[in-house]
Amino acid sequence: MYKSIVQWAATYWSRLLLLTVPFGIAASKLGFSHSTVFILNCIAIIPLADVLCRATDDASSFLGETSGALLNITMGNVTELVILYVGLPTSPTLLTFLDSVHALLQRQYTIVRTSLLGSSIVNILLVLGLSIVAGETRERGQMYNVVATRIAAGMLCLTSISLIVPSTLRFSSDAATQTHDVLEISRAISVVLVFIYFGYLWIQTASPRFSYKPLAEPHKEACAPEMVESTELHVPRDCRSTYTQPHDPLIPTLELGSELALTLKSTPAKRASWLRKATPLFLLIVSTALIFICGEVLVSSVDHVVDNSPISKTMVGLVILPIVGNAAELISGVMFALRGQMDLAFAVAIGSAVQIAMFVTPLVVLLGWGLGREMGFCFTGFERGVFGGSVVLFLVMGVGRRCGMVKGGLLLAGYIVIGYMAMLT
């Protein structure tokens, strides 16, 4: 009995945690403490991310693997975009229904800045490290696309230079002039990074050699043309069908191209195909909307949690919010690794890190520019150090074509060290 309950809970854990979604949304309206609201919404986002992950996995079956991986990466960053949007103060004329939230979240630049770096670091170290360790428990020495990994590492190195250098420059002794110069450089670099990112996407879609692809389809063996000799067809046992039709059928059969055969086949097939495509897309929309609501409530309680607990804003932005926001990547990366699809696990983890660093971060800077807000690449020494160190560690661990338990362990150890240092700041 006990074993059955544990097995059922392990299978349906996300459905159980979905019960926290209405409680998390209603907690802020019912007068619960801000710490309770923060914890409930952190927990609520995790099963929503699992639903989003599974829906994206189903959608990738008819969108294609590259488009499906890109959709997974983009939808997985929904929470980060919510946090960044509500963290930046906006004009009341843009979205009036969020005025109450925006009034609570004026100028949360520390949360915005650290969550940007934290999301990239989570994907580089935690998501990829756990995926490698999970994959090694299934099969030792799984291979991945080393060319795509080197290109992604180069993109992250370029991003680290672009994000770190502006905040280290000193143009003037006057603080106001210094801030203005850093903002101008940050906006110019943001435009360049956005164009480079779209070029990176074009290269991935144009050339399969530069994108992550499954190296082999599991449990599928094609029948080689050499197996056909004269008029006798020799088919391997794995490719044979269990159904055989008699030479002289006892009942009339429909010809393949007949109008009745096409009508009988197309109507149920079209209906099933429409339902198969509509269901995951519906779940994507619903889970994204709920993540948006829970993310807003979660961010609205950050100030009160920081003021009444030993947790700092750096810890919240660099560790807690990125882990919650990247739960979709974490779940999908481990899931792909356990299936033996390490290339897709790399695509989810590294693709998300590149997208956040080269697209989401510059987009936030340009958005702040359009709204008249001073949002630039002004990172502290600690933030520059942890991001640069994470990129270097990934660059070293990406050497070679095979995964290893040591590589995954070192990536996880690096994230644990960063999390501990963030707790002390």
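Numbering starts at 1 and runs along the chain as it is shown here.
Note that Cβ sites are derived from N, Cα and C of the backbone, with glycine treated the same way.
What TrEMBL lists as transmembrane segment is 12-32 (among others).
What TrEMBL lists as domain 'Sodium/calcium exchanger membrane region' is 37-205 (among others).
TrEMBL lists 38-56 (among others) with the feature transmembrane segment.
Feature annotation from TrEMBL assigns transmembrane segment to 68-88 (among others).
According to TrEMBL, the feature transmembrane segment maps to 116-135 (among others).
The transmembrane segment feature in TrEMBL is assigned to 147-165 (among others). Same-chain neighbours of the transmembrane segment (147-165): 117, 120, 124, 189, 192-193, 196-197, 200, 203-204, 209-212, 346-347, 350-351, 353-354, 357-358, 361, 377, 379, 384, 387-388, 391, 394-395, 398, counting only residues six or more beyond its ends whose CB sits under 8 Å from a CB of the stretch.
What TrEMBL records for 185-203 (among others) is transmembrane segment. Away from its own ends, the transmembrane segment (185-203) comes close to residues 70, 151, 155, 158-159, 162, 166, 169, 210-211, 354-355, 358-359, 361-363, 365-366, 369, 375-378 of its chain (Cβ-Cβ under 8 Å, at least six residues beyond either end).
Residues or ranges marked as domain 'Sodium/calcium exchanger membrane region' in TrEMBL: 281-421 (among others).
What TrEMBL lists as transmembrane segment is 281-302 (among others).
Nonlocal intrachain contacts for the transmembrane segment (314-338), taken as residues 6+ away from its ends with a CB within less than 8 angstroms of a stretch CB, comprise 42, 45-46, 49-50, 52-53, 56-57, 72-73, 75-77, 79-80, 83, 110-115, 117-119, 121-123, 126-128, 130-132, 134-135, 137-138, 142, 295, 298-299, 302, 305-306, 344-345, 348-349, 352, 382-383, 386, 418-419, 422-423, 425. The annotation transmembrane segment is assigned in TrEMBL to 314-338 (among others).
Per TrEMBL, the feature transmembrane segment maps to 345-369 (among others).
Under the heading transmembrane segment, TrEMBL lists 381-399 (among others).
According to TrEMBL, the transmembrane segment annotation covers 406-423 (among others).
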Selection from 12-32, 116-135, 345-369, 381-399, 406-423, the stretch that has most Cβ pairs under 8 A to the transmembrane segment (281-302): 12-32
Residues in the domain 'Sodium/calcium exchanger membrane region' (281-421) grouped by DSSP into helix, strand and remaining coil: 114 helix, 1 strand, 26 coil
For the transmembrane segment (116-135): best-contacting stretch of 12-32, 381-399, 406-423, by Cβ pairs under 8 Å: 406-423
Intrachain residues whose Cβ lies under 8 Å of the transmembrane segment (12-32), provided they are six or more past its termini: 40-41, 43-44, 46-48, 50-51, 290, 293-294, 297-298, 300-301
